[in-house]
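Asks: When I checked TrEMBL for this same protein, it listed these features:
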type: BINDING; residues: G106, G108, R109, K128, D140, G141, R191, R198, D285; note: ATP binding site
type: ACT_SITE; residues: D275; note: active site, proton acceptor
type: BINDING; residues: N276, D285; note: Mg(2+) binding site
Amino acid sequence: MQCGRRTAPWITVLKLVTDLSSLRTDNSFAALPEDFYSRVTPQPLGDPWLVHANPEAAALIGLAPEALAGPQFLAVFSGAQPLPGGAPLAAVYSGHQFGVWAGQLGDGRALLLGEACGPAGSWELQLKGSGLTPYSRMGDGKAVLRSSVREYLASEAMHGLGIPTTRALALVASDDPVIRETVETAAVVTRMAPSFVRFGSFEHWASRQRPDLLRTLADYVIDRFYPECRPAPAGEAQSAAGPYLRLLAAVTRRTAELMADWQAVGFCHGVMNTDNMSILGLTLDYGPYGFMDGFDAHHVCNHSDSAGRYAWDAQPAVGHWNLYRLAGALMPLVQDEAALRAALAGYEQAFLGAFHRKMAAKLGLRQWQDGDEELLDGLWAAMHHDRADFSLGFRRLARVASTETSPPPGGETFEDLFIDREAAQAWLAGYRARLRQDGQADAARAAAMNRVNPLYVLRNHLAELAIRAARSRDAGEIDRLVRLLRDPYTEQPGCESYARLPPDWAGSLQVSCSS
Ligand SMILES: Nc1ncnc2c1ncn2[C@@H]1O[C@H](COP(=O)(O)OP(=O)(O)OP(=O)(O)O)[C@@H](O)[C@H]1O
Ligand SMILES: [Mg+2]
């Protein structure tokens, strides 16, 4: 049964179920040839406790909130019981890591339980940290509570920002020891996405010189997720390579837009290897990611990335580089290098188009026009120089009036984020002139800006506080953050501390590939 593309009337008649056995399942990935995966049973967490469950994600698969509190939910999402109707498997993929071909990788600690169909289509449910698989290589198949809390929170924070991402359904923890730099404890996150297929899934079959399986994978992805790529556009003759070229062009567009989304909120992914690049253009694999506090254009959030390959300002180019690896993997199906290059050529325009649209909105401009690049560059330069806070910098711009007035009473101003206030004021003078030329009323512009510049962001120190509490079996902070970050744009009473500059100790937090 395929449930990926339902129409609206069906949504209204669907009832949420309280029992996982009543979920409608699909398992389309498991229906692919067995070359694509190994069937694996999860290794259950010892004495698990449910740290948090997400009713919003549950609703997507048709699961009622009551279901989240029951023993069956904990048993399934701690790996102790199979998902009713599921078909657990670990998928194989390969990839380029830090610019170097890494060969075969695969789900070394992730496990696809099955696909559930709900009001919002079909969702793969995947455990992360559920034990060894044939692709675990030197790893232990586990994930620690620290990194699992970070993945759980980030998935939902990204969704709240309106950025395409895998979702998080559940976070389960245990006292089972896991050895990293120190002894930590184990946890499992259940992630959801329409598909977890990665660029590296394609690279795998190209490197294995299996064009037959490469074609099977490409056809699966097209038919299920990019059906618009199958037919030739009107007036164009269909060719054997056409659908694959159109797929590449579509993934190129989505990836470019995702990069624009990340840049616009100061998000650094940290490990943009091709095995972490979603074929659907979703943010995938929340490891050593970070939302920037003070703006540093070259910010590297991953302590293990000593060369700074995945710095914030490198991300758009890395996205393009990764697409070249995907294009290379499609070569056996297309056999035409020039055509592949042409499909990739839309990247820059797609990225800049999306980025300028977003930045115009963040600056409160009705549209991007000539000269705005210099205006924005001036802002980046001033913020970078003083390490002015990324999120508050944009948020406070909404308080800037188009003509110079005295600062809002009691409020902290944009300039307060700068050491060199004169430089900030000089930039503001140019900005005010541009606002006057744009001609919007201040109040309307401020309201629109507050809808695109988040007040609350998942700063490292906020995640850290949630982790510390969770280690003492207190999930209250996780719950508060999930609720708050669901709508990061609207000021919420009592949440002032979440909107403040980070404390000094936040500067000493380090995140790395250790997870
Ligand atoms: N503790 C571990 N045990 C086994 N394999 C691991 C472990 N940590 C990472 N890996 C594997 O190493 C490769 C690269 O790891 P990476 O950190 O990108 O992925 P991940 O965080 O484990 O998972 P995902 O990409 O699914 O979010 C992947 O094949 C991953 O499954
Ligand atoms: Mg990964």
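Each residue, glycine too, has its Cβ placed from N, Cα and C.
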Asks: Translate the DSSP assignment of N276 (Mg(2+) binding site) into the three-state scheme.
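Replies: Note: N276 (Mg(2+) binding site) is helical by DSSP.
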Asks: With every protein chain in view, how many other Cβ atoms are within 10 Å of the Cβ of D275 (active site, proton acceptor)?
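Replies: A 10 Å sphere around the Cβ of D275 (active site, proton acceptor) contains 22 other Cβ atoms.
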Asks: Just checking: which of the binding-site residues R109, D140, R191, N276, D285 have a C-beta under 6 Å from ligand 1?
Replies: R109, D140, N276, D285
Asks: In this structure, which of the binding-site residues D140, D285 has the fewest other Cβ atoms within 10 Å of its Cβ?
Replies: D140
Asks: Calculate the distance in Å between the alpha carbons (Cα) of N276 (Mg(2+) binding site) and R109 (ATP binding site), and round it to a whole number.
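Replies: Cα of N276 (Mg(2+) binding site) to Cα of R109 (ATP binding site) measures 14 Å after rounding.
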Asks: Among all chains shown, work out which of the binding-site residues R109, R191 has the most CB atoms within 10 A of its CB.
Replies: R191
Asks: Based on a Cβ-to-ligand 2 distance below 6 Å, what subset of the binding-site residues G106, R109, D140, R191 would you report?
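Replies: Checking each Cβ against ligand 2, none of them comes under 6 Å.
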Asks: If one looks at the chain holding G106 (ATP binding site), which residues at least 6 apart in sequence have a CB under 8 angstroms from its CB?
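Replies: For G106 (ATP binding site), the qualifying residues are A90, A91, V92, Y93, T133, P134, Y135.
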Asks: Can you tell me the CA-to-CA distance separating the residue listed as 'active site, proton acceptor' and D285 (ATP binding site), as a whole number of Å?
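Replies: Cα-Cα, rounded: 9 Å.
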Asks: Should R191 (ATP binding site) be counted as helix, strand, or coil on the basis of DSSP?
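Replies: Looking at the DSSP assignment, R191 (ATP binding site) belongs to a strand.
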